[in-house]
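Lifted from TrEMBL, the feature list:
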type: BINDING; residues: Gln134, Cys135, Gln136, Pro266, Tyr267, Gly268, Gly269, Met270, Glu271, Arg563, Met564, Lys565; note: peptide binding site
type: BINDING; residues: His295, His299, Glu318; note: Zn(2+) binding site
type: ACT_SITE; residues: Glu296; note: active site, proton acceptor
type: ACT_SITE; residues: Tyr383; note: active site, proton donor
type: DOMAIN; residues: 463-607; note: domain 'Peptidase M1 leukotriene A4 hydrolase/aminopeptidase C-terminal'
Amino acid sequence: MAPVTDHCSFSSFSKCLTRHLNLSLQADFSSRVLRGRVALTVEVLEDKFSSLTLDTKDLKIFKVSANGQAAKFELGAQHGFKGSPLEITLPFELSRGQHVIVEVEYETSPSASALQWLSPAQTAGKKHPYLFSQCQATHCRTMVPCQDTPSVKHTYYAQVSVPKELIAVMSAVRDGQEADPTDSSRVIYRFRQPVPMPSYLIALVVGALESREIGPRSRVWSEKEHVDQAAFEFTETETMLKTAESLAGPYVWGQYDLLVLPPSFPYGGMENPCLTFVTPTLLAGDRSLSNVIAHEISHSWTGNLVTNKTWEHFWLNEGHTVYLERMIGRAMEGEQFRQFKAIGGLKELQEAVHQFGANNAATNLVVNLEGVNPDECFSCVPYEKGFALLYHLEELMGGPEVFMGFVKSYIQMFAYSSVTTEQWKDYLFTYFKDKVDILNKVDWNGWMHTPGMPPFKPQYDTTLADACNALAQRWTKAKDADLSGFSEADIKQLSSHQLIEFLALLLLQDPLPTSHVKRMQEVYKFNSINNSEIRCRWLRLCVKSEWEDAVPLALKMATEQGRMKFTRPLFRDVYNFAKFRDEAVKVFKEHRNEMHSVTAMLVAKDLKVDQSTGL
């Protein structure tokens with residue numbers, strides 16, 4: 001097989017592989033930097049080996065050694081999101097199969113894209129600062145010089161020195177703490193991750209954290225202001241873990257903790273091993289909470305245990321994870337619930353394809369990232385187009401039990417390694433060797449390498465969606481004279497999942513007249529609902545209908561939390577309301593420094609704000 005190229009990495013992973021990282025870091029909140037060293041245990045893959053390249057971005061490199069001997073190094077020119085290659089020349093030659101320990105002393109930049117440093121005012125407690133990392137996809141290199149590619153997996157140990165009033169946690173098993181012998185005002189926390197994993201899953205949080213036990217292998221962490229509510233919300237964690245194990249095989253990571261982050265966290269969740277990060281928007285009575293937790297738990301197998309080899313193949317992580325997440329939902333809530341969630345996912349995919357444009361290559365399942373920052377392609381396409389393909393294959397191969405057998409076997413086959421779409425497809429054909437004639441009829445090019453909606457639209461069971469469709473059609477067809485016929489009884493029997501679907505259906509139609517959304521508020525009182533998934537769709541519907549009273553509420557939601565799923569479309573919709581375009585830009589500029597760097601970059605792009613000058 002041809003060697004894999006990772007367009008997002010400079011590192012020389014065809015010549016050598018990192019097998020282990022040993023991190024020793026100090027968190028300096030006054031300078032907003034991490035400083036310390038990393039020792040990489042590197043396995044050599046070729047004879048006459050005497051140099052290697054690591055990924056870095058915005059790092060100060062002080063010293064490099066190899067097996068304790070000084071090594072020459074040079075930082076190459078900066079290349080946009082890829083950063084600067086760190087070229088290291090060893091003071092000796094090595095042969096294939098040998099190992100070398102390369103140690104780098106360094107310091108991060110205050111603007112490192114992996115790290116968000118929060119002032120006390122940006123936290124719930126308002127007393128102490130807070131630090132969290134987000135390394136996916138290519139940001140680990142701003143925190144650690146490393147082979148920052150999902151092609152490479154390694155174990156890691158870490159020790160982190162922090163002010164003694166704060167606690168550090170990482171994507172690893174906690175391994176004790178001790179007073180910092182060099183500074184009595186600090187404490188050192190130790191961690192070990194014995195399961196090999198890619199660099200993008202290294203994660204660190206430092207803050208005034210508390211935890212509560214929520215299961216035999218789980219704790220929930222957050223600031224004390226939210227910890228009891230979080231413990232109450234996440235009571236189903238162990239049930240979900242056991243359900244996932246029954247479907248996908250043993251959970252290999254030991255601990256499964258959850259950490260509720262401050263509001264600027266840009267994602268719903270992040271599957272860092274041993275310590276899933278989740279958005280605080282889930283605590284606002286959000287019944288999509290179970291979907292997010294099921295999704296992040298599923299990543300323990302698809303994504304963390306079996307990983308996409310490069311970001312072009314991101315759908316392997318996310319499509320399989322959505323499939324497994326919905327199989328957990330099926331086990332816990334029934335097949336109709338899984339079908340209903342799949343219908344909702346298809347709507348999200350339609351909206352994303354509409355947003356990108358149906359001919360945009362970013363809507364391919366397998367994307368080309370040559371010269372492209374993977375963050376700029378982030379959307380629900382790999383999740384929902386990936387799921388749609390797997391569901392299509394499930395129907396062709398004989399149903400959910402049969403296809404889940406394949407998914408479990410695929411996980412066992414490729415556990416602890418990274419794979420490409422080609423390897424996945426080869427294994428699919430091997431596993432279903434008796435059904436190759438059916439597989440050969442699948443439009444593989446249409447699914448993988450063609451933009452837009454999938455070449456085949458699955459027919460899902462609409463039982464739970466029918467009531468949503470009927471109500472949405474009533475509103476779409478209603479004239480002003482019909483508005484008195486709506487009442488709160490319309491939604492009395494609908495679950496929060498169905499309310500989300502009802503609003504999502506309306507968002508796909510032409511905007512309703514302003515009179516309609518005003519009446520909807522009168523009878524359904526959506527403004528008083530805190531569920532973030534409902535609130536975001538409701539406010540978007542109002543803004544699209546040009547109800548001016550909704551604009552300040554939409555901008556408030558867009559800025560009081562930073563989850564991109566909500567923040568980006570809210571800003572976009574206000575921007576597209578011509579009268580408030582300048583207001584959207586003004587509010588964004590006022591709040592951009594509180595936002596996560598990825599969120600700020602993508603909202604700036606959406607609002608056509610020049611990112612170099614801020615104009």
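All positions are counted from 1 along the displayed chain.
Using N, Cα and C of the backbone, Cβ positions are placed for all residues, glycine too.
Here the C-alpha separation of Tyr383 (active site, proton donor) and Met564 (peptide binding site) works out to 15 Å. Around Glu318 (Zn(2+) binding site), the same-chain residues six or more apart in sequence whose CB sits under 8 Å from its CB are Gly303, Pro382, Tyr383, Gly386, listed in sequence order.
Highlighted in sequence order, Gly269, Glu271, Glu296, Ser298, Thr302, Gly303, Asn317, Thr321, Val322, Leu324, Glu325, Tyr383 have their Cβ within 8 Å of the centre of the Cβ atoms of His295, His299, Glu318, the residues recorded for Zn(2+), and are not part of that set. For the pair formed by the residue listed as 'active site, proton acceptor' and Glu271 (peptide binding site), distance between Cα atoms is given as 5 Å, rounded to the nearest Å. Sequence-distant contacts (6 or more apart, same chain, Cβ under 8 Å) of Met564 (peptide binding site) comprise Pro266, Tyr267, Phe378, Val598, Thr599, Leu602. Between the C-alpha atoms of Glu271 (peptide binding site) and His299 (Zn(2+) binding site), the distance comes to 6 Å. When the alpha carbons of Gln134 (peptide binding site) and His299 (Zn(2+) binding site) are compared, the span between them is 16 angstrom. Cβ neighbours of Gln136 (peptide binding site) (same chain, under 8 Å, six or more residues apart in sequence): Tyr200, Leu201, Met270.
Cα of Gly269 (peptide binding site) to Cα of His299 (Zn(2+) binding site): a distance of 11 Å.
Around His295 (Zn(2+) binding site), the C-beta neighbours below 8 angstroms that are at least 6 residues distant in the chain are Gly268, Gly269, Thr321, Val322, Glu325. Computed over the domain 'Peptidase M1 leukotriene A4 hydrolase/aminopeptidase C-terminal' (463-607), the whole-number mean pLDDT of the model equals 96. Mapped onto DSSP classes, the domain 'Peptidase M1 leukotriene A4 hydrolase/aminopeptidase C-terminal' (463-607) shows 112 helix, 0 strand, 33 coil.
The Cβ of His299 (Zn(2+) binding site) lies under 8 Å from the Cβ of Glu271, Asn317, Thr321, each of these being in the same chain and 6 or more residues away along the sequence. Taking the Cβ of Glu271 (peptide binding site) as centre and 10 Å as the limit, one finds 23 other Cβ atoms among all the protein chains shown. The full span of the recorded peptide binding residues, Gln134, Cys135, Gln136, Pro266, Tyr267, Gly268, Gly269, Met270, Glu271, Arg563, Met564, Lys565, taken as their largest Cα to Cα distance, is 18 Å.
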